[in-house]
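Engineer: Got these off Swiss-Prot a minute ago, pasting:
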- A17, F18, S19, G20, G21, L22, D23, T24, S25, A43, G129, T131, D136, D194: ATP binding site (BINDING)
- Y99, N135, R139, S192, T201, E203, E280: L-citrulline binding site (BINDING)
- T131, N135, D136: L-aspartate binding site (BINDING)
Amino acid sequence: MSVILEHLPTGQKVGIAFSGGLDTSAALHWMKQKGALPYAYTANLGQPDETDYEAIPRKALEYGAEIARLIDCREPLVREGIAALQSGAFHITTAGVTYFNTTPIGRAVTGTMLVTAMKEDDVNIWGDGSTFKGNDIERFYRYGLLVNPDLKVYKPWLDSAFIDELGGRAEMSEFLQKSGFDYKMSAEKAYSTDSNILGATHEAKDLELLSSSIRIVQPIMGVAFWRDDVAVKAEEVTVRFEEGFPVALNGTTYADPVELMLEANRIGGRHGLGMSDQIENRIIEAKSRGIYEAPGMALLFAAYERLITGIHNEDTIEQYHENGRKLGRLLYQGRWFDSQAIMLRESAQRWVARPITGEVTLELRRGNDYSILNTDSPNLTFKPERLTMEKGESTFSPRDRIGQLTMRNLDITDTREKLLTYAKSGLITLSHGSELPKLNSGEKN
């Protein structure tokens, strides 16, 4: 049985994720006029472009909400962001530059916390502003039903009656003005922005054209590092981790992870660290493009992965990367709390993150240009004396290496025989002189 309501349920409580923007303001007032009982829930996600969170619920009451609540999601959001960092749960990269899944993390927290608040108010119908072509409609759907199995979903943007009356920004603005509200539609940007304390997403409109570059974006978490008139001075920063958790920046320890993330954002933002331009596959498999900011996450991740490479062995690091990519996809798809995601995350937090204690000093320059100046940890397995070319005590001798190389003869012989087998079947041509083996078409002559 479908839990999607295609038409407004009049006379019933309808929870709406209320941002205070034009879309949700018009939707809330429209639902009130049509006979529903709107309950407004606003998530404080530490959005860097929001200046007055307390004013948002007051707006909702003015537009007709029965009640309006502000839910502080910042601490859980930072906690989940650090869990994603510990797990390397990031699968979208271009030439080594990472998207830190900041919007999917935000949706996991928003979806669960707002529906929990609605449940407390006996509200079992939820509406939000996600569109039918995007990822969020599925993310919110999954997280909402995980929290409340009796939840019904009503989205004004899937209701033909709402679309017919208020299908565009101009129509919504006119509707509010005719209803007696002094709502002035803000100048429309060349792209849309969604943000939280972990990062910002810029997408749609002009950014749907690949010929429109990062240059049209005005960062909200840092500087436009690509502009020659923007001064960016090199800066040294030290990040300290204890058992996988970031705890200090430049010698200052933070008991509150929210304050630590805010300071990491300020430091990274001064350089434009963590900005990326990505082409990605949405949940529905259509490709989209986004320009992302995540200065604090990028700073912490650079230090975290440096410690990982100095502490863990190659096989552990390989498994961490493989599992992280899988977990990143699950997170992106709205499956952060699914059993397979919990398994991958728990494994990384327990066996990879726990030994990560130490300090990393970096020099930040412009954008994602930085150098690592020092790495220190009591758990380092990096031991220069093991490989020193100078005379002195050594962990192994030349004779030990001769024995190790002799043992390699076994698999070298196996490889040679396998190449001969491939050559006989026509798959490769054996080398002559200095040539390497060459692949053939694979077809027998």
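Using the three backbone atoms N, Cα and C, a Cβ is placed for every residue, glycine included.
Just so it is clear, the model here is predicted, and its values are computed rather than measured.
Context for these features, please: burial, neighbours, distances.
Structural biologist: Around A17 (ATP binding site), the same-chain residues six or more apart in sequence whose CB sits under 8 Å from its CB are T24, Y41, T42, A43, T110, L114, W126, G127, D128, G129, F140, listed in sequence order.
Taking Cβ-Cβ distances under 8 Å and a sequence gap of 6 or more within the same chain, the neighbours of E203 (L-citrulline binding site) are Y191, S192, S288, R289, G290, I291. Following the DSSP three-state reduction, the secondary structure of E203 (L-citrulline binding site) is strand.
There are 20 other Cβ atoms within 10 Å of the Cβ belonging to N135 (L-citrulline binding site).
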Engineer: Going by C-alpha positions, which of the binding-site residues (Y99, T131, N135, E280) is nearest S25 (ATP binding site)?
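Structural biologist: For S25 (ATP binding site), the spatially nearest of the binding-site residues is T131.
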Engineer: Among Y99, N135, R139, S192, T201, E203, E280, which the record lists as binding L-citrulline, how far apart in Å are the two most distant Cα atoms?
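Structural biologist: Overall maximum Cα spacing for these binding residues reaches 19 Å.
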Engineer: Can you count the other CB atoms that lie within 10 A of the CB of S19 (ATP binding site)?
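Structural biologist: For S19 (ATP binding site), the count of other Cβ atoms within 10 Å is 20.
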Engineer: If one measures from the C-alpha of N135 (L-citrulline binding site) to the C-alpha of D23 (ATP binding site), what distance in angstrom results, rounded to a whole number?
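Structural biologist: Here the two Cα atoms lie 18 Å apart.
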Engineer: Which whole-number value in Å describes the distance between the Cα atoms of E280 (L-citrulline binding site) and S19 (ATP binding site)?
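Structural biologist: Given the Cα positions, E280 (L-citrulline binding site) is 26 Å from S19 (ATP binding site).
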Engineer: For the binding-site residues D23, D136, E280, which one has the sparsest Cβ surroundings, going by other Cβ atoms within 10 Å?
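Structural biologist: Relative to the other binding-site residues in D23, D136, E280, E280 has the fewest Cβ atoms within 10 Å.
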Engineer: If you count the C-beta atoms lying within 10 Å of each candidate's C-beta, which of the binding-site residues G21, G129 ends up with the smallest number?
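Structural biologist: With the binding-site residues G21, G129, fewest surrounding Cβ atoms within 10 Å: G21.
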